[in-house]
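To start, the structure itself, in structure tokens.
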């Protein structure tokens, strides 16, 4: 599958792009079957990073009982994910200069080390808590690569008609990992007042053993993935899959300057980072939010699980649709956030049933919360593709590094506030609703452009 040699005149584009010309000489393109292996390995690492990040929120009652954690401790454990994103510039530089392999290996090493620290069975609870906090921070340091490199991987390995789908899989799989934490945690670790059959789990040692089993299983799986990446994970294929993948990009410094001076990019970056940052922190403490409305730890886990899984499935489906119908990214996002605003408002008012007198049943809480997850989480790959189109030829890793840093910044700010205001949590629901409406307004005024699509569709011809 390659381009045919043409004359110099035939290589002149009929339309002049709005961005400065890049290296648009025709290149031979080819896609390799090994791209699915690369995507699978990257996705599995993202899955485990999300799983480890969301370990403690779904089992916060059991963790408090065994380790003596407070509500503030649980919020801080979730906050280590955004904090780990602070050295994001270093990871973006490494990805830009040394390739995806070097950056991913370093991230996987941090994940192994962090998971190992959490699983050390110290008897002294004071030092054990410090080890768990340190492990969560190290896992957070893997976030800049795991959350930002999806569009880079899809552009480097996949053809234009598969890029959005590959971006969706690579970027949403970490969300799926955090969703499975809602499922695995409550099912594997009994609550202090929980029952299974005729057995009541009040034994602190038994609950501690179950938590330890989960931690050991996670460190084993992460270690196996680290070895797999060490043995085989190429940064790029021998022949690029498209013209855009082979074209020259801006330097690291010029890319940062271009992004910070582009008002259209900053506008859409806020539309992405505010709601995704808020919903990440909100989901991390969902059990605490639902406890006042008489929702158990297990039910809260199922609600969180299906809200994120629904977003992942719908996100991949919408990305596949975007691959077929190109140039419709803004419209898709506007529809998504219109739905997210309505669903978040419904959930917020349902939780305030004493004031609104709306029916607060398991069905309404499930439905509204799942719809919030579907609309917001499924927007992530569509946003990432729109970023790349808007600021091309800025490298994908740097662009997505900036926006995911902003998203984690808003997550960290919200969780930092939670450490002070944790007795009454309805304000978190209002933050979620306000963030969705804010994003919808920015999207309505955003002027879209498709510079990379122009290069692949027109210049390659």
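The backbone N, Cα and C atoms fix where each Cβ goes, and this holds for glycine too.
According to TrEMBL, the feature transmembrane segment maps to 36-54 (among others). Counting same-chain residues at least six beyond the ends of the transmembrane segment (36-54), those with a Cβ under 8 angstroms from any Cβ of the stretch are 78, 81, 104, 107-108, 111, 114-115, 118, 135-136, 139-140, 142-143, 146-147, 149-150, 153, 157, 166, 169-171, 173-182, 184, 218, 221-222, 225, 228-229, 232-234, 283-284.
Taken from TrEMBL, the feature transmembrane segment covers 74-95 (among others).
Proximity of distant same-chain residues to the transmembrane segment (102-121), defined by a Cβ-Cβ separation under 8 Å and at least 6 residues beyond the stretch ends, is recorded for 42, 45, 48-49, 52, 55, 91, 94-95, 128, 131-132, 134-139, 141-142, 144-146, 149, 212, 215-216, 218-219, 222-223, 225-226, 229-230, 233, 235. Under the heading transmembrane segment, TrEMBL lists 102-121 (among others).
Summarising the annotation, TrEMBL assigns transmembrane segment to 141-160 (among others).
Among the features that TrEMBL reports, transmembrane segment is placed at 172-191 (among others). If one looks beyond the transmembrane segment (172-191) by at least 6 residues along the same chain, the residues whose Cβ comes under 8 Å of a Cβ in the stretch are 43-44, 46-55, 57-59, 61-62, 146-147, 201, 206-207, 210-211, 213-214, 283-284, 286, 296-298, 300-309, 311-312, 315-316, 377-378, 380-381.
The annotation transmembrane segment is assigned in TrEMBL to 211-233 (among others).
What TrEMBL records for 265-285 (among others) is transmembrane segment.
Taken from TrEMBL, the feature transmembrane segment applies to 300-319 (among others).
Under the heading transmembrane segment, TrEMBL lists 331-349 (among others).
Marked as transmembrane segment by TrEMBL: 365-388 (among others). Proximity of distant same-chain residues to the transmembrane segment (365-388), defined by a Cβ-Cβ separation under 8 Å and at least 6 residues beyond the stretch ends, is recorded for 150-151, 155, 163-164, 167-168, 171-172, 175, 265, 268-269, 271-272, 275-276, 279, 283, 286, 290, 293, 295, 302-304, 306-312, 314-319, 322, 329-330, 332-333, 336-337, 339-340, 343-344, 346-347, 350-351, 396, 399-400, 403, 432, 436, 448, 452.
Look at TrEMBL and you will find 400-421 (among others) tagged as transmembrane segment.
The transmembrane segment annotation in TrEMBL covers 427-446 (among others).
For the transmembrane segment (74-95), the neighbouring stretch richest in Cβ pairs under 8 Å, chosen from 141-160, 265-285, 400-421, is 400-421. Tertiary proximity for the transmembrane segment (331-349) is limited to same-chain residues at least six positions away from its ends with a CB under 8 Å from its CB atoms, namely 271, 275, 318, 321-322, 356, 358, 364-365, 368-369, 371-372, 374-376, 378-379, 382-383, 386, 426, 429-430, 432-433, 436-437, 439-440, 443-444. Of the candidate ranges 211-233, 300-319, 400-421, 427-446, 400-421 contributes the most Cβ pairs within a distance under 8 Å of the transmembrane segment (265-285). For the transmembrane segment (400-421), the partner stretch with the highest count of Cβ pairs under 8 angstroms, out of 141-160, 300-319, 427-446, is 141-160.
Beyond the transmembrane segment (427-446), the same-chain residues lying 6 or more positions past its ends with a Cβ under 8 Å from any Cβ of the stretch are 264, 267-268, 270-272, 274-275, 277-279, 281-282, 285, 289, 330, 333-334, 337-338, 340-341, 344-345, 347-348, 351, 372, 375-376, 414, 418, 421.
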